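Engineer: Quick paste of what Swiss-Prot says about this protein:
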type	residues	note
TRANSMEM	26-46	transmembrane segment
TRANSMEM	47-67	transmembrane segment
TRANSMEM	95-115	transmembrane segment
TRANSMEM	118-138	transmembrane segment
TRANSMEM	147-167	transmembrane segment
TRANSMEM	174-194	transmembrane segment
TRANSMEM	220-240	transmembrane segment
TRANSMEM	243-263	transmembrane segment
TRANSMEM	281-301	transmembrane segment
Amino acid sequence: MTDIRITEVPREAGFGDYFALLKPRVMSLVVFTALVGLLVAPATVHPMIALTGILFIALGAGASGALNMWWDADIDRVMKRTRNRPVPAGVVQPGEALGLGLALSGIAVVMLGLATNLFAAGLLAFTIFFYAVVYSMWLKRTTPQNIVIGGAAGAFPPMIGWAVATGGVSLESLFMFALIFMWTPPHFWSLALFMKTDYSDAGVPMLTVTHGRRVTRGHVLAYALLLAPLAVAGAFTGIGGPLYLVVALALNGWLLRGAVRIWRRDEAEAEADRYRTEKGFFRFSLYYLFLHFGAILAEAALKPYGLGGW
């Protein structure tokens, strides 16, 4: 009797697969925060310049995603959450992801510099380098503080948007950077609480893997305690106002409540309800950031009518 083995042949890559390399979900957050940074800056920007600037910031974010998928293909193949990405699934070859990432990086940086200013282009270039090299190639696989330090990569977009409009930085753009930077650890650690097995199987030293869930819960609370007053203080900057203050107080009250609940939970309780509280906190943290930046944008939109700001 002859054994017949059927080998599944990877399908041919389509446009959607190459687009997925750019991490469109992450790109949407980058575009939104960069757009807010650009629109609330105290400078008048021609609509075409603004549109072009956001386009190339988005392209730079996508380039970072493609480079990350190229480098992380080995661990993405192990993790349930990422194994169906184009490279680990065998649909897109690693070299294609690398080539696309490098090409888009060059186009994004050069064109942003030509369309806006060199400072914004330099900041975009540094952001791509920080995410692709400092975070992906170094921090992610070597330290449980990977997302703490690496979180800077995701915090730069509003600064880049601000730089497109003004050609520099300010207290307000630094505040937006700090808001995302301090939000990143509790956001990803809440994910790691219910995805610990994925990270341990892939050999990624997330805090849950190196120090356990109990310590991670304490860190979520600690960062929430640092994030909340920072977020509320933004109401008293040049981009804040009463509307932002109300939104920030409500969101950060909910943030602290959720962080305390996570800190108090024991593993038996969490396993019994399949980490429902942790999953809820993770979902809330996504709305948390969008709503803060939405409130900042609303304050700027109301100012011409004498309603925004103090």
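In case you wondered, yes, glycine gets a Cβ from its N, Cα and C as well.
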Engineer: Applying the under-8 angstroms CB criterion, which one of 26-46, 47-67, 243-263 scores highest with the transmembrane segment (118-138)?
Structural biologist: 47-67
Engineer: Of the listed stretches 26-46, 47-67, 174-194, which one has the most C-beta pairs under 8 A with the transmembrane segment (281-301)?
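Structural biologist: So the stretch in question is 174-194.
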Engineer: Cβ under 8 Å to the transmembrane segment (26-46), counting only same-chain residues 6 or more beyond its ends: which ones?
Structural biologist: 53-54, 57-58, 61-62, 65, 154, 157-162, 164-166, 172-173, 176, 180, 238-239, 289-290, 293, 296-297, 299-300
Engineer: Would you kindly list the residues that approach the transmembrane segment (174-194) from elsewhere in its chain, counting only those six or more residues past its ends and only Cβ-Cβ distances under 8 Å?
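Structural biologist: Tertiary neighbours of the transmembrane segment (174-194) are 33, 36-37, 147-148, 151-152, 154-159, 162, 206-209, 213, 216-217, 219-220, 223-224, 226-227, 230-231, 233-234, 237, 239, 259, 262, 270, 274-275, 278-279, 281-282, 285-286, 288-289, 292-293, 296.
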